[in-house]
Amino acid sequence: MGARASILRGGKLDAWERIKLKPGGKKHYMMKHLVWASRELERFALDPGLLETSEGCKQIMKQLQPALQTGTKELISLHNTVATLYCVHEKIDVRDTKEALDKIKEEQNKSQQKTQQAEAADKGKVSQNYPIVQNLQGQMVHQPISARTLNAWVKVVEEKAFSPEVIPMFTALSEGATPQDLNTMLNTVGGHQAAMQMLKDTINEEAAEWDRLHPVHAGPVAPGQMREPRGSDIAGTTSTLQEQITWMTNNPPVPVGDIYKRWIILGLNKIVRMYSPVSILDIKQGPKEPFRDYVDRFFKTLRAEQATQDVKNWMTDTLLVQNANPDCKTILRALGPGASLEEMMTACQGVGGPGHKARVLAEAMSKVNNTNIMMQRSNCKGPKRTIKCFNCGKEGHLARNCRAPRKKGCWKCGKEGHQVKDCTERQANFLGKIWPSHRGRPGNLLQNRTEPTAPPEESFRFGEETTTPSRKQETIDKELPLTSLKSLFGSDPLST
């Protein structure tokens, strides 16, 4: 980060931090914006060292401007950041990003006017851009595209497979190229022949449209003048390299290389949409996926969507939050609908990582512990149990702490010779006589039982006199052995 942060120093850094991001806003540019711009340039295969000079910033803006109409918010933000940095290098006093863009636009218009005036003043001079250069004899010659450039282009196509970042890479590698150079780059692509056929169809359509808008003038061509290029000439199929150089260096020039490049970029946009079959609705953040990686996948897919910029803005505002995981979604909704992408990424930084998991786990454990403590406290609020001394019979202390003289014998029955644990008072069997009298009958027996009675004898004997049982019979009944539980429960009807 140190090397990236050393782009601005001293007064330039102070001027940079005074510029606001938006007109009337509160946020200003900071050092982290330079670090972010450097990383984005590396993603687009551009040298971050270009940010250190105003000329380098101008070259970066020139490379990014063709893709601004179809680019994502990140690409537009990168262009605006570089434009503001250019004003700082040139010591142009600006207050916000919009004012910086207006200043650069004015400067470009003035530069274009100066170029036109210079061309009108000196028609003998011709422009020279690599790969078309002027040799020692003053002739315009062409230097073929280098093998290193071709290798970089092939590597990008093989690795990225026509992902959205292929277009800025093609624009950077084909700077100043002739139609022949562009065809060489396209011919080096070995695979993806279906995509190449789609690209050829797009080029043929644009060439036919060029021929329709630029009809051939009637009559022969005047001596010393070049014929007007047709669509096939711009595509490099019916024109020679010398004719292409002449058109590009003539006054006024016909930039056949730039025209052909625009056609190729238009075809590449169609291929990118075809090679991105995933819908933006299917881009959802995984439960453990960092928010930054999710945003990268989201905007990469959004870049290939066939929609207007307004629709893409709506998708960004709605789907980016809706398809986030529950942890990030809670944070994003708390920020509100007007939060910027920078605020979202800052708020969700670290969500899903080890630190975040440990923090969430600690909070959950803290809640569980607090719940257990509250339950324990609530359980202790019941009525207090009174203790009673077995020695003196008083409440409030135990027998081992009793100050009264030691009671001899059993504390239950009062007899000597045994202890409470060996006392038989509480071990009386069902039919024994040791049952404690003060407790009454067992709970499974009726306390007051009404003895069943039989109707009087006279009701069956139709008025005959009934005789009372003799005393002799009562004596016999008393002497009979107990053949039932009559002795315990009273008269048993079944025993008679």
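First residue shown is number 1, and so on along the chain.
Cβ from N, Cα, C; glycine included.
Since we're looking at a predicted model, the values are computed, not measured.
Per-residue confidence over the region 'Interaction with Gp41' (7-31) averages 85 (mean pLDDT, predicted model). Taken from Swiss-Prot, the feature region 'Interaction with Gp41' applies to 7-31.
The region 'Interaction with host CALM1' feature in Swiss-Prot is assigned to 8-43. If you look at the region 'Interaction with host CALM1' (8-43), the same-chain residues 6 or more away from its ends with a CB under 8 A from one of its CBs are 1, 50-51, 60, 74, 78, 81-82, 84-85, 88-89, 91, 94-100, 165.
Sequence annotations record features per position, and here Swiss-Prot assigns region 'Interaction with host AP3D1' to 12-19.
Swiss-Prot lists 16-22 with the feature motif 'Nuclear export signal', giving similarity to another entry as the kind of evidence.
Residues annotated as motif 'Nuclear localization signal' in Swiss-Prot: 26-32.
Under the heading region 'Interaction with membrane phosphatidylinositol 4,5-bisphosphate', Swiss-Prot lists 73-77, citing similarity to another entry as support.
The annotation region 'Disordered' is assigned in Swiss-Prot to 106-126 (among others).
Here Swiss-Prot flags 187-225 as region 'Interaction with host PPIA/CYPA and NUP153', drawing on similarity to another entry.
Below 8 angstroms of C-beta separation, residues 230 of the same chain, each at least six residues beyond the ends of the region 'PPIA/CYPA-binding loop' (215-223), sit close to that stretch. Annotation comment: Swiss-Prot describes 215-223 as region 'PPIA/CYPA-binding loop'.
Feature annotation from Swiss-Prot assigns region 'Dimerization/Multimerization of capsid protein p24' to 275-361.
With a 10 A radius on its CB, Arg406 (asymmetric dimethylarginine) counts 7 other CB atoms from all the protein chains. Here Swiss-Prot flags Arg406 as asymmetric dimethylarginine.
Residues or ranges marked as region 'Disordered' in Swiss-Prot: 436-482 (among others).
Marked as compositional bias 'Basic and acidic residues' by Swiss-Prot: 471-480.
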Beyond the flanks of the region 'Interaction with membrane phosphatidylinositol 4,5-bisphosphate' (73-77) by 6 or more, those residues with Cβ under 8 Å of it: 40, 64, 67, 168, 299, 316, 341
Counts of helix, strand and coil residues, the motif 'Nuclear export signal' (16-22), according to DSSP: 3 helix, 1 strand, 3 coil
